[in-house]
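Asks: Sharing a structure here in structure tokens format.
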Amino acid sequence: MTYPNLLDRFLTYVKVNTRSDEHSTTTPSTQSQVDFATNVLIPEMKRVGLQNVYYLPNGFAIGTLPANDPSLTRKIGFISHMDTADFNAEGVNPQVIENYDGGVIELGNSGFKLDPADFKSLEKYPGQTLITTDGTSLLGADDKSGIAEIMTAIEYLTAHPEIKHCEIRVGFGPDEEIGVGANKFDAEDFDVDFAYTVDGGPLGELQYETFSAAGAELHFQGRNVHPGTAKGQMVNALQLAIDFHNQLPENDRPELTEGYQGFYHLMDVTGSVEEARASYIIRDFEKDAFEARKASMQSIADKMNEELGSDRVTLNLTDQYYNMKEVIEKDMTPITIAKAVMEDLGITPIIEPIRGGTDGSKISFMGIPTPNIFAGGENMHGRFEYVSLQTMERAVDTIIGIVAYKG
């Protein structure tokens with residue numbers, strides 16, 4: 001189905017810079033997200049028909065569409081995030097390419113282009129309307145496409161009371177891209193049986209498995225002496241960092257793994273001979289494998305300290321989120337419903353693990369099973385990001401189908 005306000009709504013959203021800041025100590029991490037929620041989303045939530053609309057100190061804008069059929073007793077939530085990834089989000093100037101011809105798309109005057117030879121996903125979209133960047137910023141389809149789709153679904157349901165639906169709760173939140181947005185999510189206040197994050201990629205994505213994730217911060221303490229007299233005295237902290245890294249499995253890196261394979265990812269190294277620091281992220285799907293990866297890093301640190309004769313390697317491990325499959329597989333109702341709705345709409349569900357996490361990873365462990373459904377974005381987090389308007393329309397169809405489902 002086509003929705004006349006969907007495109008303009010999306011274009012309005014992406015032109016607002018809501019980039020999050022991982023170094024911030026506030027919630028949300030940037031004032032722009034507060035302004036976007038209170039000045040743009042809250043008024044529009046009220047206009048499209050949501051009731052009891054409010055903004056919480058945790059950065060979430062919340063609203064409710066009451067059920068219009070007493071036989072539909074479920075309460076279902078839909079969640080999308082306001083922030084965008086760590087890439088330029090100022091001056092977003094989207095291009096709308098109608099009836100895409102399957103060829104190269106020049107991204108404004110930037111010199112960058114979307115070429116099917118480089119981005120095979122473009123082969124799915126001839127004849128469709130694509131929204132791209134102008135090459136100077138990201139687009140923000142992750143996840144403003146999700147926000148626009150949820151808002152449009154509510155607008156349509158309000159205008160068509162003949163479509164019977166259950167109670168719907170909507171939540172638009174901050175800071176998903178920096179991994180802390182759901183930390184303060186109020187599951188008791190949201191009060192639904194289950195929810196969906198509308199934060200996926202291409203048409204048909206339906207996901208209920210994520211990585212389990214941890215961060216590892218390492219400090220290496222060296223001893224700096226003049227290199228001319230260093231023998232037997234100098235301890236080079238940078239060399240310790242190299243030695244530690246070289247003891248990790250050489251093929252367990254993001255660029256060499258796929259599917260259900262986990263990894264260690266070295267994110268940053270800084271330092272000097274005297275001291276050095278390294279930051280890693282650890283990812284795996286199975287709980288035992290995840291715990292084994294953390295234990296392996298600790299074992300390497302302990303072994304190095306033993307060989308060095310002092311505690312020169314300090315490791316701090318912090319769990320970040322867990323595979324929501326552990327929660328959702330106990331009651332697959334949200335997956336069963338979404339899958340049935342997609343199939344009724346002629347959409348082939350793509351059920352595969354997310355090699356990442358969503359807000360749903362944390363919210364699921366707060367007591368609300370929250371799988372993820374497609375929002376349409378491709379090549380997210382950079383200048384080559386784009387989204388199909390037709391896929392966004394199908395996401396709206398799916399949301400409407402889920403809340404009207406009577407099975």
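Cβ coordinates come from backbone N, Cα and C, glycine included.
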Asks: Which one, Asp8, Asp21, Asp193, Asp199, is listed by Swiss-Prot in the same Zn(2+) 1 site as His81, Asp142?
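Replies: Checking Asp8, Asp21, Asp193, Asp199 against Swiss-Prot: the Zn(2+) 1 site match is Asp199.
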Asks: Compute the mean position of the Cβ atoms of His81, Asp142, Asp199, which form the recorded Zn(2+) 1 site, and then list in sequence order the other residues of that chain whose Cβ is within 8 Å of it.
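Replies: Output for this site, in sequence order: Ser80, Asp143, Gly146, Glu176, Glu177, Thr197, Val198, Thr358, Asp359, Ala375.
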Asks: How many whole Å apart are the CA atoms of His81 (Zn(2+) 1 binding site) and Glu176 (active site, proton acceptor)?
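Replies: Spelling it out, the Cα of His81 (Zn(2+) 1 binding site) and the Cα of Glu176 (active site, proton acceptor) are 6 Å apart.
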Asks: In which DSSP state, out of helix, strand and coil, do we find Asp83 (active site)?
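Replies: The three-state answer is coil.
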Asks: Under 8 Å Cβ to Cβ from Asp199 (Zn(2+) 1 binding site), same chain, six or more residues apart: give me those in sequence order, or none if nothing qualifies.
Replies: Ile79, Ser80, His81, Asp142, Asp143, Gly146, Glu176, Thr358, Asp359, Gly360, Asn372, Ala375
Asks: For the recorded Zn(2+) 2 site formed by Asp142, Glu177, His381, name the remaining residues of the chain with Cβ within 8 Å of the site's Cβ center, in chain order.
Replies: Thr84, Ala85, Asp86, Phe87, Leu138, Asp143, Met380
